[in-house]
Amino acid sequence: MVSLEKNDHLMLARQLPLKSVALILAGGRGTRLKDLTNKRAKPAVHFGGKFRIIDFALSNCINSGIRRMGVITQYQSHTLVQHIQRGWSFFNEEMNEFVDLLPAQQRMKGENWYRGTADAVTQNLDIIRRYKAEYVVILAGDHIYKQDYSRMLIDHVEKGARCTVACMPVPIEEASAFGVMAVDENDKIIEFVEKPANPPSMPNDPSKSLASMGIYVFDADYLYELLEEDDRDENSSHDFGKDLIPKITEAGLAYAHPFPLSCVQSDPDAEPYWRDVGTLKAYWKANLDLASVVPELDMYDRNWPIRTYNESLPPAKFVQDRSGSHGMTLNSLVSGGCVISGSVVVQSVLFSRVRVNSFCNIDSAVLLPEVWVGRSCRLRRCVIDRACVIPEGMVIGENAEEDARRFYRSEEGIVLVTREMLRKLGHKQER
């Protein structure tokens, strides 16, 4: 383990990102989000009033000083590709800055799409090697968080690791959804199990397990060697968590990086924020959390901006209807192009170009772009997919049986509404 002085840290914080390339795994469908991902990959799902989920990983790279990125796509990639082309095309290729789109290509070697997360990188090795990076940062494109990857790179170099895995404690009852690890006093990973049925607890806290966040730093040459070896293994599932990380752990070359060391927060005393919005409830709740008085995730931090494609839109407008009732909102996010006419919006998130007509009550709802809500509607505890036309007088979120019959209703009572569901009920979706 190498001990570094403060000046060395500052120098490495500038140099290491320039020697790195980030690969963002963005090909997943996200089946637990149900119909919300029928026509888009999970990283392309809207979030936080104006963003897409992938914007967080991309923004973290830019803010960390990493200016070379590859986005690996597969499932329903058109929306994602379009978003990146529109919103992330400001790089200067002459300065060796870029976002490369790396779709599944079914190369001549075989007819397989990506067989796993590791295989997604393997199938693009010929392209990735051209980047001539010393370090490769592997990221999931479907998580919400703010992290300074330069701090993780420094930790990787300081510990003399060949592979570093970002980790954080999670409640033990949720740990079966993650890779779970045990570490020694130097953060060397001594055991790693992917999605165990009975996850081991942390020695100092039996209520929690130490979980992998799916964020990795590799020495580039070591990663390429591992991937080529894994590609030849017919018994491998070609997945980082299931195959590569356990193998590296056995070799004694994997180290853990505690997420609090690189989590970017405005309040240093706050709990580190990282969310996998992979279920409808988690997605709904994470959106509504941003509308709270003091949200856990600070979206207004000028030192760590979240970038996205910014469409030219007029400001949101709140107007009275013909009867004189005023449009108003409380504890909500309302994006550009929205018009709220004589209705009440409480604890909700309205994306761009949403129109709420008179006499409506919107409570704890997430309305994606271009939703049109007819007069006298009541929407509660729901997610309304893009461009839905909610007919006059419709009530959602008040009658569990009625909601389950018409739409998708989660076990926690969150209702998902899509254009296809409304069409099946006989409601026209064209205006």
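From the backbone N, Cα and C atoms, a Cβ is placed for every residue, glycine too.
Marked as beta-D-fructose 1,6-bisphosphate binding site by Swiss-Prot: K39, R419, E420, M421, L422, R423, Q429, E430, R431. Neighbour density for Q429 (beta-D-fructose 1,6-bisphosphate binding site): within 10 A of its CB lie 16 other CB atoms from the protein chains shown. For the recorded site, Q429 (beta-D-fructose 1,6-bisphosphate binding site), the DSSP three-state label reads coil.
For H46 (AMP binding site), the same-chain residues that are 6 or more apart in sequence and have a Cβ closer than 8 Å to its Cβ are R52, F351, L368, P369, R386. Marked as AMP binding site by Swiss-Prot on the basis of sequence analysis: R40, H46, R52, R130, E370, R386.
Residues or ranges marked as alpha-D-glucose 1-phosphate binding site by Swiss-Prot: Y114, G179, E194, K195, S212. Taking a C-beta cut-off of under 8 angstroms and a sequence separation of 6 or more, E194 (alpha-D-glucose 1-phosphate binding site) has the following same-chain neighbours: G179, D239, G241, K242, I245, P246.
Sequence-distant neighbours of R431 (beta-D-fructose 1,6-bisphosphate binding site) (same chain, six or more apart, CB under 8 Å from its CB) are W372, V389, listed in sequence order. Taking the Cα atom of each, L422 (beta-D-fructose 1,6-bisphosphate binding site) and E370 (AMP binding site) are about 15 angstrom apart.
Under DSSP, R386 (AMP binding site) is assigned to coil, being neither helix nor strand in the three-state scheme. Look at the Cβ of each of the binding-site residues E370, E420 and count the other Cβ atoms within 10 Å; the largest number goes with E370. For S212 (alpha-D-glucose 1-phosphate binding site), the same-chain residues 6+ apart in sequence whose C-beta sits under 8 angstroms from its C-beta are V165, A166, C167, F178, G179, V180, M181, F192, G241, I245.
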